Amino acid sequence: MQDLGSSLAKKHKMAPTNKSDRKSVVDASAWMFNVVTSVGIIIVNKALMATYGFSFATTLTGLHFTTTTLMTAVLTWLGYIQSSHLPLGDLLKFVLFANFSIVGMNVSLMWNSVGFYQIAKLSMIPVSCFLEVVMDKIRYSRDTKLSIAVVLLGVGVCTVTDVSVNTKGFVAAFIAVWSTSLQQYYVHHLQRRYNLSSFNLLGHTAPAQAGTLLLLGPFLDYWLTSKRVDAYSYNLVSIMFITLSCTIAVGTNLSQFICIGRFTAVSFQVLGHMKTILVLIMGFFFFGKEGLNLHVVLGMIIAVVGMIWYGNASSKPGGKERRSLSLPTTRQQKPGSLSDSNEHDAKV
């Protein structure tokens, strides 16, 4: 009996460790999934737009969400995604923020210098922090705040060059920053509030985004580029790149929802700048080293140190905690079904 009790005690002690190890593995896999797909789609889209002249970014994004919609429809038909509910008001709010984010970023890139565009992207981190503090009553420790500042400094050093500001460019950047931050906040908020998995939330939002972007995209792209998407000279290679871009986008959209759902928008933004560093490194590797200099390398090192510090600081007790009671959730299905966010995403 004593041996049996000892054995049970050991298993009881090992269980939390095994659960913690499993969570760490899933978390790392989710981040790696997002990094690989995000960097991959940047490379493919750069080749598609720069080499083959397909400059219709908004329409292409509509095609991305159409492919994502097809993926979620097939998985629902096969029974891998259970039915769930998202109130119409929340859906419309999310799609509004998401579409303003896409259009705003495209317009900001066109109207602003590259340097100011990068500064606008960096400002999403403090804006996301502000949203979490105000709406979720999150409190950050001193080390967490300092680590975020180090990441901003490092990425700024290696990406921000010429900075020129104009009124319409500033307005576009302001809209892009706030809409993107709100969209990413609501990815986490809606999953937590309505107990939705990443697949569930994509299943609700992707069709609405696909429809609106495919409807408005050609007109917006014509306004931005003075070119018509229907007049583009399609060929086998360009169609192959468009198809590849849409395929990778399914993984990019899904991994973004998984990462933000499992963590928060701030963590996604801070650690997500690792993708910026990787894109810079791959750009130097594939397209020449003329842009590689001491301050760029120094900026990369500072940013990576900041990311490691943030991961350590935010995971400690008090590093990042909620000051109020947790948000009430709306349980959609029986416990253990695939709509359970943690269970479903852990299986991806």
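Keep in mind that glycine also has a Cβ here, set from the backbone N, Cα and C atoms.
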Next on the checklist: For the annotation transmembrane segment in TrEMBL, which listed range does it cover: 111-132, 199-220?
Outcome noted: 199-220
Checklist outcome for this item: When counting C-beta pairs under 8 angstroms to the transmembrane segment (169-187), the leading stretch of 28-48, 54-79, 91-109, 199-220, 266-288 is 91-109
Checklist entry - Near the transmembrane segment (28-48), which same-chain residues lie under 8 Å Cβ to Cβ, leaving out any that are not at least 6 residues past its ends? => result 54, 57, 60, 238, 241-242, 244-245, 248-249, 251-252, 255-256, 258-259, 262, 271-272, 274-275, 278-279, 282, 345, 348
Checklist entry - Quick one: do the transmembrane segment (146-163) and the transmembrane segment (54-79) reach 3+ CB pairs under 8 Å, ignoring pairs fewer than 6 apart in sequence? => result no
Next on the checklist: Out of 91-109, 199-220, 266-288, what stretch is closest in contact terms to the transmembrane segment (54-79), meaning most Cβ pairs under 8 angstroms?
Outcome noted: 199-220
Checklist outcome for this item: Counting only residues at least 6 beyond its ends, the same-chain positions whose CB falls under 8 A of a CB in the transmembrane segment (91-109) are 57-58, 61, 117, 120, 169, 172-173, 175-177, 179-180, 182-183, 186, 190, 204-205, 208-209, 212-213, 216, 220, 224
